[in-house]
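Let me begin by presenting the structure, written as structure tokens, before commenting on it.
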Amino acid sequence: MVGRLFRAHGQFCASHPWEVIVATLTLTVCMLTVDQRPLGLPPGWGHNCITLEEYNAADMIVMTLIRCVAVLYSYYQFCHLQKLGSKYILGIAGLFTVFSSFVFSSSVINFLGSDVSDLKDALFFFLLLIDLSKATVLAQFALSSRSQDEVKHNIARGIAMLGPTITLDTVVETLVIGVGMLSGVRRLEVLCCFACMSVIVNYVVFMTFYPACLSLILELSRSGESGRPAWHDKSLIIKALHEEDQKPNPVVQRVKVIMSAGLMLVHAHRWVRCLSIALWPDLTSLRYFCTHCDTGVSYSRWSFASEGEELPTVKLVTGDSVVNSNSTDDAQLHYYIMRWLTVSADHIVILILLLALAVKFVFFETRDELTTTRGMDGWVEVSSPVEHKYVQTEQPSCSAPEQPLEEPPASNRSIDECLSVCKSDVGAQALSDCEVMALVTSGHIAGYQLEKVVRNPERGVGIRRQILTKTADLKDALDNLPYKNYDYLKVMGACCENVIGYMPVPVGVAGPLNLDGRLVHVPLATTEGCLVASTNRGMRALMRCGVTSRIVADGMTRGPVVRFPNIDRASEAMLWMQVPYNFEQIKKNFDSTSRFARLSKIHIRVAGRHLFIRFIATTGDAMGMNMLSKGTEVALAYVQQVYPDMEILSLSGNFCTDKKPAAVNWIEGRGKSVVCEAIVPADIIKSVLKTSVQALMDVNITKNLIGSAVAGSIGGFNAHAANIVTAIFIATGQDPAQNVGSSNCMTLMEPWGEDGKDLYVSCTMPSIEIGTIGGGTVLPPQAACLDMLGVRGANEMCPGENANTLARIVCGTVLAGELSLMSALAAGHLVKSHMRHNRSSVSTSGSEPSTPACKS
């Protein structure tokens, strides 16, 4: 019930921002202009008689410390906001702070009867008590919206979630701080009064002005080119914000309610006592109370006079008593202004602190240090510092001159001398390149061990290039194949042998792709023109409604082949392995080989006296072929104990099936089985894809379904899924050869909506063989692309989730590519686009000169 009330309040503020803002500003102006007289505060709130002797050095030290803490706390909060990486959150929080300060100042001056000089302490208490965390959470709720219409709903949802907690916290804080106003200590009473006013102002502004202003700012933001709001396109991508994290602890809430009830009784007793005294009919008793408790004269909270200096008295009328003034109003104003501008020791301390923080922020806080990861609904944010580099080299040119790393001496040493040096503690690193080449040529050093022998991977690669150039007479063939400034330590023993360089492949980016409520920019490593542009167009068409994806199966496979003496033993072994208890024993042995590999089932086929056993297991975030091989080997050893006459012919019997087209992968699945769907509105098909629903359906049926069936295709019921799969595989360090099975895809299209003018499109990919750890994913460029997608490495909280997310991204990107290419075919734009984007600048004879893109 309470949540619904707060939701309705939030919906009203977000739906009527102008009305709420104008009403709030009007009330603020009224506080500044209507009835300037101070309120008659209850006893204990500031009417106790004080003497100037109370303001000593200890008071100044305490207040200076409070001011410093307030400044540092405010600096910490805004630095924390800047780490979120969103200029919108930072600006909105700043606006919230400024407006709250303005309302607070108005409240202090009017309702508490304070003068302007009190603000220098009141504002510091306001800064000390303001909490921007809830304001930030509400801003994140709003910024997580994927459209302008969703902003109001998300603001209402945020108010419904945060409102009850903030209301209870405000009540508790006000009552707890209000206890200080019962102390009878003048200074503590005034400070507590400021604090209570700060808490109340923060609450009122947060519940009224802030959500309305938040809605208005985002409503006035211009839309990006992709049709998304500008603040949604330009903000860093943020991870999902779970609502459970914002729900209060019910036990803590009950304790707060009980505490509030008790404190209310204390304050009620005090107010009843004060009211009874105020209504006391006996004037003598009233005077006795005033003499011992309070006086009718109210002084300012802070003394501007030093010891021994008299303050000009102010004429105050309180009841029947009159205090004469011995100075004019102009003299008083001039006096207080001069005292305000006087630089005292506490002012100097605050000024030094502010200057130090400013210098630290400007000169010592780099942008990289302020980048972190934050979670929000459907966004992803990259947390690692960004350092822009050339392609694995520090120089703009990636060509490597073909010359030795060291100049050889005038006369080379003999083979025996070189061997002696090589076997010594100094090692081959003390030899020149020519001497190492001589040892390789003579067979004393294996060519594949050059990096290890010379103890410098880059030098070893350079020497191997020289040997290859000389023995194969390549001349300058390797000049444009770079090899310098690459981290070969991650390559050795993991990715490649006999390395002679690395191959720079252009990496384009398509996106953002609206996948399951997230915006993802997808890297595509390809040398095919039009591919990135076409995929990007498909993503733009899918932006409004987004793509929905699901993982329907997960299991990497390894299919060994074993042989028995006869079919009787083969069939008996097959039936034995299918018994649940025996399978559990096989699974126990299989699972013992890895922390992540878990055998889920086995699929057995008999061919004569041969058994083809397909082990299917989940492998966490790894692609898992090595895990499967190791587990399969141990599991077969256990089966062999029961059937000693079983002969293991091969650990892979092509029943996996790996890197070959196979119906078993298409039917049973391998790796991640993913399904994606999307709805494309009719106006998008016409404006972005330049075609119609009927034309798309006709081309899809005749090309992808009938044409593939005529060709006898297995899993090839698509337009060009392999294009996108391979491009993502190369960019993210997957095994490119596995695009054979991973590209199995069926693309389906059908009319959608009441009038059938919209398009429903889906892609089913049953065998995406993919992982985020191991293999080429450890290489820095490939790891950077995984980082870009937010799936680098293993997922510690939920093993396998990163690999599943990457598989979903692949399928969603394939859907975008399919949609764009099919539209080009339906509209007859395929040849035209390839002639423009996929041709060299040199025109063929008889063709028209190409038109520059900037003039098209």
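Every residue gets a Cβ built from N, Cα and C, even glycine.
So that you can see what the record holds, here are the features copied from Swiss-Prot:
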- Glu528: active site, charge relay system (ACT_SITE)
- Lys659: active site, charge relay system (ACT_SITE)
- Asp735: active site, charge relay system (ACT_SITE)
- His834: active site, proton donor (ACT_SITE)
- 840-856: compositional bias 'Low complexity' (COMPBIAS)
- Asn326: N-linked glycosylation site (CARBOHYD)
- Asn412: N-linked glycosylation site (CARBOHYD)
- Asn700: N-linked glycosylation site (CARBOHYD)
- Asn838: N-linked glycosylation site (CARBOHYD)
- 365-443: region 'Linker' (REGION)
- 443-771: region 'Catalytic' (REGION)
- 836-856: region 'Disordered' (REGION)
- 12-32: transmembrane segment (TRANSMEM)
- 89-109: transmembrane segment (TRANSMEM)
- 123-143: transmembrane segment (TRANSMEM)
- 190-210: transmembrane segment (TRANSMEM)
- 344-364: transmembrane segment (TRANSMEM)
PLDDT averaged over every residue in the region 'Linker' (365-443): 60
Length of the line joining the Cα atoms of Asn700 (N-linked glycosylation site) and Glu528 (active site, charge relay system), in Å: 23
Site with most surrounding Cβ atoms, counting all protein chains shown within 10 Å, from the glycosylation sites Asn412, Asn700: Asn700
Inter-residue C-alpha distance, Glu528 (active site, charge relay system) and Asp735 (active site, charge relay system) (nearest angstrom): 19
Around the Cβ of Glu528 (active site, charge relay system), the count of other Cβ atoms that are within 10 Å: 16
Between Lys659 (active site, charge relay system) and Asp735 (active site, charge relay system): CA-CA distance (Å): 10
Pairwise CA distance, Lys659 (active site, charge relay system) versus Asn412 (N-linked glycosylation site), rounded so that it is a whole Å: 49
All-chain count of other Cβ atoms within 10 Å of Lys659 (active site, charge relay system): 16
